[in-house]
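> Got a structure here, written out as structure tokens. Questions coming.
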Amino acid sequence: MIIDLTEIQDIHFFFRLQFFKEIYGILWVFVPIFILILGITISVLAIVWLEREISAGIQQRIGPEYTGPFGVLQALADGTKLLFKENLIPSRGDIRLFSFGPSISVISIIISYSVIPFGYNFVLSDLNIGVFLWIAISSIAPIGLLMSGYGSNNKYSFLGGLRAAAQSISYEIPLTLCVLSISLCVLR
């Protein structure tokens, strides 16, 4: 049996196309996630810019105007500045609590994204109690705020941690009540 060289090349080309098709399918799964993250980022930047411009107008002062056109990139400049700031740890405070508190807050928020569906068949963990698990996990964040304030061994930092935790809880209680009422209406 004699096989032509062009047939072998066609077979290899077909296998390469199948490989690219699989890679394309895998990459296409991440497109909705990228669009969601990009939309949230642009929305947050616009909201921060509007908040700064409106508060500057109310206070009769000049708002952000030097970073980018009309000061649009001020939030990115602030974020970059925060990344390069010196990490200060209080000398008389509890270093483990002070360092572990923000980690608990950030990790709980990141884990709460595991129940959000990013596509039709793309959910990181498909649970029947997804909304309630989201509320429970995101409610751990105030504990990290309290730990950070308490770990500094400073009464003002502790009061700031209490204030941040109280503010966080005051947003979570109405959210929980809304979700529970919607869930009960759906179950009826």
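Cβ atoms here come from the backbone N, Cα and C positions, even for glycine.
Taken from TrEMBL, the feature transmembrane segment covers 23-50, 95-115, 127-147.
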> So are the transmembrane segment (95-115) and the transmembrane segment (127-147) touching or not, going by 3+ C-beta pairs under 8 A with a sequence gap of 6 or more?
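Yes, the stretches contact each other.
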> Going along the chain, which residues at least six beyond the ends of the transmembrane segment (127-147) come within the CB cut-off of under 8 Å?
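That would be 97-98, 100-106, 108-109, 111-112, 115-116, 161-162, 164-165, 168-169, 172, 175-176, 179, 183.
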